[in-house]
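Engineer: So that we are looking at the same thing, I have put the structure below in structure tokens.
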Amino acid sequence: MLWTASQVLRKFSTSSNYYQNKLKLAIIGQSFFGQEVYSNLRKQGHKVVGVFTVPDKDGKADPLAVAAEKDGTPVFKFPRWRVKGKPIPEVVEAYKAVGAELNVMPFCSQFIPMNIIDDPKHGSIIYHPSILPLHRGASAINWTLIHGDKKAGFSVFWADDGLDTGPTLLQRECAVEPNDTVDTLYNRFLFPEGIKAMVESVQLIADGKAPRIPQSEEGATYEGIQKKSNAKVNMAQPAEAIHNWIRGHDKVPGATTVIDGQTVTLYGSSMLGGSAPAGQPLEIEGATQPGLVTKNGLVLYGTDGKALLVKNLQFEDGKMISAAKYFSSGESSSVELTDDEKKIAKEIRNIWKGILSNVPAVEDTTDFFKSGAASMDVVRLVEEVKQKCAGIQLQTEDVYMATTFQDFIQMFVRRLRGEDQEEELVIDYATKEINNMTLKMPYQCFINGNFEDAENGKVYDTINPTDGSVICKVAYASVGDVDRAVAAAKEAFYEGPWGRMNPRDRGTMLFRLADLMEEHQEELATIESIDSGAVYTLALKTHVGMSIQTFRYFAGWCDKIHGKTIPINQARPNRNLTFTKREPIGVCAIIIPWNYPLMMLAWKSAACLAAGNTLVLKPAQVTPLTALKFAELSAKAGIPKGVINILPGSGGMVGQRLSDHPDIRKLGFTGSTPIGKQIMKSCALSNLKKVSLELGGKSPLIIFSDCDMDKAVRMGMSSVYFNKGENCIAAGRLFVEESIHDEYISRVVEELKKMKIGDPLDRSTDHGPQNHKAHMDKLLEYCEVGLKEGATLVYGGKQVDRPGFFMEPTVFTGVEDHMFIAKEESFGPIMVVSKFKDGDVDGVLRRANDTEYGLASGVFTRDINKAMYVSERLDAGTVFVNTYNKTDVASPFGGFKQSGFGKDLGEDALLEYLKTKAITVEY
């Protein structure tokens, strides 16, 4: 049904009071609405004995099924309940077996037979999004708005054998706002209040207090389902009727009209008070007078002379634009020149004529480059124009964006008038006095070059792990925000300057961005420290320092991306030339983890941007702040609008929509293996996105008895405790040769006792807090499992007795291969040590490789032959020999097996964000 079009997940809770009377319920339906009704009924103590929902679609279960299966509730996914009008016996039998006392149908798209409806002791209740008997049928919300009703609402009614005709149990209503759409009405009232009403209705039935009020047939209406095919606007009616039609179809199925012979969908309608602003006429099919494209949008007129304003337009190819920009790429967007400006234009025409000496006359349509101009001519044109008009801001890029004389003059005049200047970036900061500075932290979504609140207005707290305090509230992006960000990235790639920019100019911008990051490195490191718990000195050197290096490295690659020529068999008597081109993929999604918030952003984004792509990035929900500060710096560096978009929020909503979105062509993810698998599945089912995954690890570190003991202890500790153990390549398991095992452990414990645990902003701190409380709790549980399985806890294993999320550095010995802690990653400061027999090189290699992961590995030995033998046989993407954690921006990084595929860093990373095109020419 159309009224479920807005899938913005909200969490609601009804009263926590438990009533005495409870029922056994069957939930029949689907959707997020059904999921929330189900969850809240269970919270109230009712027993859900069965959930009957639709089959999985494209391998994905309905949200109601997902919630029920997670709770262990029996779930039935019947494709249909009847065949040729008769109930299917097997389905009826399965239903009756659960023994429900009441059927609850929050939203159901299937036809349910009457013997199912009437079977329970209390029958069945259904939710309907209108004030019955008005608007019976499937498109009730649409018709509420189309008819211009002043009130909207919903009904919970007793199911009967009619079409939405059963007795009502409960009704609620609300006022319809002048510019409500299907989405806003559903999200503001019908969804949240409907959930509460369904729960209340069930309790009234349980308490024996539920009324059965017969519906009156007086005033009853029934309307059909609204589809795209019958959604065309009739322009020959009053303005308010046109407005109601448009908003009654916004967002689904979308009201359409015809402009210049093309079907266009209209969104964001509002009645226009007062006179329309100045604009350019636009013929609309069937309208009594032309529309008007203004700076605020498209003005449409009704037969009564009144006007409405449409904000956005969507074309048949799916491209959506601001209605105000309808003429932005056409000749009709020209400005009228004053007499003085005409004189300047004449002088500029002479400049063009002087450069394009081979052209008889410079016409308005003369193209600078098609007339033979080269790059030096561009510089000459810019400098001559600047010489004629002192103070004008003009760059070579402006010539490439306006190649005809007419377009150049239009651009020049707007620049002269100040109309073409970029709007100043407006940022609402969260500020904090800390670390001897005033932190200024953006906290909103960054979409199309602007910071803005989430579409639904939701926010969440981001927490300082040092003491558990709230740093600030951050926007909680919705599915709608994802769609807007992807649309902005798509437009920036296909229509904006980024896609047409010279690669070297793109590199210059990325160098500028790296410089700005360096200028703000102390601020970035401080934000990183309070948001992720990273020790400040490490944040400054690694989290931020390597991020800067990464952008500089890939900035240098921008003008070095190229294909190659390939000799092929000639098609005699003709000849052939075959060559390849490396091209950007398009709109890319990047989802990063919480352990290195800025560095993981840099590792993926720098390669993505250097290749010429645009991106939508989701930082980890618990560490969004450095990504949003990066967005601010990218705008200041001059990166065009829409190229970089940052969306804080949940992985389940934002990350899932990015995986599913049909306009995203590549997704890069760093995180856990289970989530990586889900992302890969979603990317395959949606549009076969290219995917690169850097996932979990259980990296083995083998320490032989002939090692440099001092170095092995120092580096072995770093392999585990670096960044509080929140390190994807951390040595998840140490294999220490038997003859040095006890000495090695003794030396490690001795060093651990010297380690200072404390405030990460204290320059003498060695070990800061874990990233967030849930992770610390998981680490404590990990230690408990290790003890239960028989491993020896030599040191640590407990939470530090102080505010915040501090975990003691921990050492386990006697770890056997079958144990949980020998197989699973802790992602924390826990050293897991096993012995191996002296001289048993092949044996320890077998044990080291006996894992489903293959991200990194290491070996310590003075014997170079042994080192090479072991490194060749370790099945991991990175092998460290007599060192650890030594990554570099020029060296590829990525794993094998269930640690993922694809590379970050180095030239290999560029290939993840490029596609190869082969071109064959015959001559």
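Placed from the backbone N, Cα and C atoms, the Cβ positions cover glycine too.
Annotation comment: TrEMBL describes Gln110, Phe111, Ile112, Asp164 as (6R)-10-formyltetrahydrofolate binding site. Sequence annotations record features per position, and here TrEMBL assigns active site, proton donor to His128, Cys728. Under the heading site 'Essential for catalytic activity', TrEMBL lists Asp164. The feature domain 'Carrier' is assigned by TrEMBL to 339-416. Summarising the annotation, TrEMBL assigns NADP(+) binding site to 592-594, 618-621, 651-656, 671-672, Lys778, 825-827. Annotation comment: TrEMBL describes Glu694 as active site, proton acceptor. Per TrEMBL, active site is recorded for Glu694.
Each of the listed features needs to be described in terms of its position in the shown structure.
Structural biologist: In sequence order, Ile126, His128, Leu132, Pro133, Arg136, Gly137, Phe157, Tyr222 are the residues of the chain that are 6 or more apart from Asp164 ((6R)-10-formyltetrahydrofolate binding site) and have a CB within less than 8 Å of its CB.
A C-beta separation below 8 Å, combined with a sequence spacing of at least six in one chain, links Glu694 (active site, proton acceptor) to Phe669, Thr670, Cys728, Leu855, Phe893, Gly894, Gly895, Ser899, Gly900, Gly902, Asp904.
A sphere of 10 angstroms centred on the C-beta of Cys728 (active site, proton donor) encloses 24 other C-beta atoms.
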Engineer: Measure from the Cβ of Gln656 (NADP(+) binding site) and count the other Cβ atoms within 10 Å, all protein chains considered.
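Structural biologist: Gln656 (NADP(+) binding site) is surrounded by 18 other Cβ atoms within 10 Å.
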Engineer: Can you give me the Cα-Cα distance between Ile112 ((6R)-10-formyltetrahydrofolate binding site) and Ile592 (NADP(+) binding site) in Å, rounded to a whole number?
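Structural biologist: Rounded to the nearest whole number, the Cα-Cα distance is 44 Å.
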Engineer: Listed (6R)-10-formyltetrahydrofolate-binding residues Gln110, Phe111, Ile112, Asp164 - what's their greatest C-alpha to C-alpha distance in Å?
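Structural biologist: 14 Å is the greatest Cα spacing among the residues binding (6R)-10-formyltetrahydrofolate.
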Engineer: Looking only at the domain 'Carrier' (339-416), report the model's average pLDDT.
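Structural biologist: For the domain 'Carrier' (339-416), the model's average pLDDT rounds to 83.
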Engineer: Which one is it, among the binding-site residues Lys618, Lys778, Phe827, that lies nearest to Gln110 ((6R)-10-formyltetrahydrofolate binding site) by Cα separation?
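Structural biologist: Result for Gln110 ((6R)-10-formyltetrahydrofolate binding site): the nearest of the binding-site residues is Lys618.
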Engineer: Using a Cβ cut-off under 8 Å and a sequence separation of 6 or more, which residues in the same chain sit near Lys778 (NADP(+) binding site)?
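Structural biologist: Lys778 (NADP(+) binding site) has long-range Cβ partners Gly828.
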Engineer: Round to a whole number and give the Cα-to-Cα distance in Å for the pair Gln621 (NADP(+) binding site) and Phe111 ((6R)-10-formyltetrahydrofolate binding site).
Structural biologist: 40
Engineer: If you take the centroid of the Cβ atoms of Gln110, Phe111, Ile112, Asp164, the listed (6R)-10-formyltetrahydrofolate site, which other residues of that chain have their Cβ within 8 Å of it?
Structural biologist: Met105, Cys108, Ser109
Engineer: Could you give me the DSSP helix, strand and coil counts for the domain 'Carrier' (339-416)?
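Structural biologist: For that range the per-state counts are 49 helix, 2 strand, 27 coil.
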Engineer: If you count other C-beta atoms within 10 angstroms, which of the binding-site residues Ile112, Ile592, Met653 is the most crowded?
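Structural biologist: Going through Ile112, Ile592, Met653 one by one, the largest Cβ count within 10 Å is at Ile592.
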Engineer: Highest CB neighbour count within 10 A among the binding-site residues Phe111, Phe827?
Structural biologist: Phe827
